[in-house]
């Protein structure tokens, strides 16, 4: 099956979605400038995880300003056993004896350099620091610190990755890690008034946050792609789209099925046993077993897509692909969500209504129907037959009308379990998830968890109701306009975005949601300092 990065490329082609930023970052910090002993560039670090000698996962961390630089090639990186710090914050000498292990510690209670010095003195070969949030944080030296001659590497991991490792260690498993930072060309990336890196990781799947720039570029790229579809619409071009959709749908279906089956006891062993596959890395036996079925399903749909019941297969592949998109791509804060949906709002209106003045026909509707191609519409649609219409036909909704508002709704529903697994990774069936479906109901939403709010006082329920109302108004308008195609985002965006902005302002969360991506929280008694 295709990799997550390849699937992201398919998403861009299929849904005209905006470009996203990810990868290594060499990041300067004006607040904590370089000085002797603290002059490393901030780089992303790959951390493959081995349990009982088998590679089961790979996390992404960020290297510190201090300590030695890491090996750049995987083959030269040592596989080293991981040990859990006791006490967990590693601000004093650990009780457990270390003989070259990598030590796993929690952020807080003392500075990063203090932790690294204690770990080095105790005999650790490297230190992994678990952040207290889902993002990656820049580890710098305090201005008044002098003991910064540190001889072991320091890497920060996001909260979910660290907690997952901690659980494995508490289960008495033998856990080993590698630390290496592949070299890439330096990239200057503008920050968005945040102290955190913009890349999150959940299990082995990279999660990419959309930036404000990519949200704005969405209109241009999507418009160009839509215009290309309009001009090049033909049988062969539809065939290309069908192939791309089948590849993406098969990958999405495989992701959903693997995680769903993993929640059943009968498949746990196959889901937890991995084999090294060239180009793909560690792949579970369950994934290898499910993949042929998913490929066959997509191929059968592609071959028989003109059969009357083929809409069922198209919807199954489409829903699986939508789920996977919402799992991979995330809105980091309300500012980006507002820009993205505002651009999509204008894009939908222009290509459905305004384009008729220039091209004598609605470009969006012509493309959706698949005119001049001999096909009954392009594949990037969910189709439901009109059962009570004597003229037959289908009611359709584009993937973008689900995905774009869905990104904002998912922003309110990023749930965090005790295991560090996000709610979306379960509900959206992340292939790395090994948690039973029943545990969904024990989850607390990210906002509800951080703000100590119940479901009704959170954002997700109201965002879902708003989306439903927007969709309902769309179909009312469709009937009032005698079946003439409507830009769904014209109705959905004001409802969903308006609900967020109104509730955020009312609850005095808006400022924090706008930039930080989380509501205001009461400061704990032992509040962390910025560099701790």
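We count from 1, first residue shown onward.
The backbone N, Cα and C atoms fix where each Cβ goes, glycine too.
TrEMBL annotations:
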- 1-22: signal peptide (SIGNAL)
- 84-164: domain 'PA' (DOMAIN)
- 207-229: transmembrane segment (TRANSMEM)
- 236-262: transmembrane segment (TRANSMEM)
- 282-304: transmembrane segment (TRANSMEM)
- 316-333: transmembrane segment (TRANSMEM)
- 339-359: transmembrane segment (TRANSMEM)
- 391-411: transmembrane segment (TRANSMEM)
- 458-478: transmembrane segment (TRANSMEM)
- 484-503: transmembrane segment (TRANSMEM)
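By the count of Cβ pairs under 8 Å, the stretch nearest in packing to the transmembrane segment (391-411) among 207-229, 282-304, 316-333, 339-359, 484-503 is 316-333. Only sequence-distant pairs (6 or more apart) were considered; of these, fewer than three Cβ pairs between the transmembrane segment (316-333) and the transmembrane segment (458-478) are under 8 A, so the stretches are not in contact.
When DSSP labels each residue, the domain 'PA' (84-164) comes out as 16 helix, 16 strand, 49 coil, counted as helix, strand and coil in that order. Sequence-distant contacts of the transmembrane segment (282-304) (same chain, six or more residues past either end, CB-CB distance under 8 Å): 1, 54-58, 204, 242-243, 246-247, 249-251, 253-254, 257-258, 261-262, 267, 270-276, 310, 313-314, 316-317, 431. The stretch with the most CB contacts under 8 Å to the transmembrane segment (484-503), chosen from 207-229, 339-359, 458-478, is 458-478.
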